[in-house]
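**Q** The domain '4Fe-4S Wbl-type' annotation in TrEMBL covers 22-86. Residues annotated as [4Fe-4S] cluster binding site in TrEMBL: CYS23, CYS53, CYS56, CYS62.
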Amino acid sequence: MTYIDHLPGPNADLWDWQLHGSCRGADSATFFHPEGERGRARSLREARAKAICRSCPVLEQCRSHALTVGEPYGVWGGLSESERNEILRATPRERERVLVAAG
């Protein structure tokens, strides 16, 4: 007995937005912190990553993905790990404030 009829359909199109990201081909170290990075070094790296995100044509899709799946690390959709955590814990009214502050 085969279970082909029970397999999910192709879902590659769900990830197509990643092909158009401004970060595509960039050094991943810009978006993901090295072990033990703190303070000014982290702030500067996150600012560089967010600058790339600001002009990205798929910023909204990236941000939505990160918030939906709970990406635990890195800058996604112009949001740092701590900003995403704050949004996910916030009330709807507080979420808007965090999103505006993040740019």
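Count begins at 1; order follows the chain as displayed.
Any Cβ shown, glycine's included, is placed from N, Cα and C.
A TrEMBL annotation is a machine prediction, not a hand-curated record.
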**Q** To which of the binding-site residues CYS53, CYS56 does the lowest count of other Cβ atoms within 10 Å belong?
**A** CYS56
**Q** Which of the three DSSP-derived classes (helix, strand, coil) applies to CYS53 ([4Fe-4S] cluster binding site)?
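**A** In the DSSP reduction, CYS53 ([4Fe-4S] cluster binding site) maps to helix.
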**Q** For CYS23 ([4Fe-4S] cluster binding site), what is the tally of other C-beta atoms lying within 10 angstroms of its C-beta?
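**A** Taking all protein chains shown, CYS23 ([4Fe-4S] cluster binding site) has 19 Cβ neighbours within 10 Å.
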**Q** Residues other than CYS23, CYS53, CYS56, CYS62 within 8 Å, Cβ to Cβ centroid, of the [4Fe-4S] cluster site?
**A** GLY21, SER22, ILE52, VAL58, LEU59, TRP76, GLY77, GLY78
**Q** Specify the secondary structure state of CYS23 ([4Fe-4S] cluster binding site) as given by DSSP, simplified to three classes.
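**A** Assignment for CYS23 ([4Fe-4S] cluster binding site) reads coil.
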**Q** Helix, strand or coil: which one is CYS62 ([4Fe-4S] cluster binding site) in, per DSSP?
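**A** CYS62 ([4Fe-4S] cluster binding site) sits in a helix per DSSP.
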**Q** For CYS62 ([4Fe-4S] cluster binding site), list the number of other Cβ atoms lying within 10 Å of its Cβ atom.
**A** 24
